[in-house]
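Q: Got these off Swiss-Prot a minute ago, pasting:
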BINDING   GLY18, SER19, GLY20, LYS21, SER22, ALA23  ATP binding site
DOMAIN    10-207  domain 'DPCK'
Amino acid sequence: MTTAAFTPWILGLTGGIGSGKSAAAERFVELGVHLVDADQAARWVVEPGRPALASIVERFGPGVLQGDGQLDRAALRQLIFADPAQRKWLEQLLHPLIGQEIFSYLAKAQSPYAVYVSPLLIESGQHHKTQRVLVIDAPQDLQIARTLARDNTSAEHVQAILQAQLAREDRLRHADDVVVNDGGLAALHEQIDRLHHFYLTLKGGQP
């Protein structure tokens with residue numbers, strides 16, 4: 001089978017803000033698993049010179065650009081956060097392009113399985129394109145504490161993001177596997193390592 005025709009076994013990885021998705025994703029990479037991050041793909045499609053960035057500037061004006069021509073994501077978020085119509089326009093522009101980038105990179109996987117990490121895996125419907133869904137879960141107070149420690153933001157803003165995201169119960173309902181990330185990094189790694197071995201058995205690979 002040629003590489004171009006190869007469709008990997010895909011694990012969808014998701015979780016709410018501050019749940020520990022990034023730490024879980026990093027562990028899969030350390031274990032040699034091919035990983036594609038939806039947030040990275042979202043950055044690729046709006047790089048300077050790409051058609052999507054030109055469309056965004058045409059709609060919102062040059063104020064959404066930084067001095068170096070890169071997209072000012074914070075400025076754009078402010079413009080669309082409280083405007084559902086503008087947010088929908090942006091999603092309709094970017095989601096198909098991001099999807100193309102994601103599955104192009106997933107198709108290059110050389111590991112027994114690939115991981116696709118996205119905070120909107122379920123909301124976007126892309127979990128239907130994966131073979132299994134892993135949810136990284138954490139208590140909401142811990143999600144808030146982690147986000148405040150990581151980002152220069154307010155508790156109110158984090159609460160607003162949590163309310164805008166898929167409800168925790170709905171996310172868990174779509175999960176095939178759940179990692180409860182309410183401890184330290186070692187505990188998270190232990191759970192990811194155990195699941196990695198399990199996923200290799202599903203694929204017939206060797207740990």
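Placement of Cβ uses the backbone N, Cα and C atoms for every residue, glycine included.
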Q: Taking every protein chain shown into account, which of the binding-site residues GLY18, SER22 has the largest tally of Cβ atoms within 10 Å of its Cβ?
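A: Answer by Cβ density within 10 Å: GLY18.
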Q: Tell me the Cβ neighbour count for SER19 (ATP binding site), meaning other Cβ atoms within 10 Å of its Cβ, over all protein chains shown.
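A: Taking all protein chains shown, SER19 (ATP binding site) has 27 Cβ neighbours within 10 Å.
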Q: On the 0 to 100 pLDDT scale, where does the domain 'DPCK' (10-207) sit on average?
A: 92
Q: Per DSSP, GLY18 (ATP binding site) is which: helix, strand or coil?
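A: In the DSSP reduction, GLY18 (ATP binding site) maps to coil.
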Q: Say we define neighbours as other CB atoms within 10 Å of the CB. Which of the binding-site residues GLY20, LYS21, ALA23 has the fewest?
A: ALA23
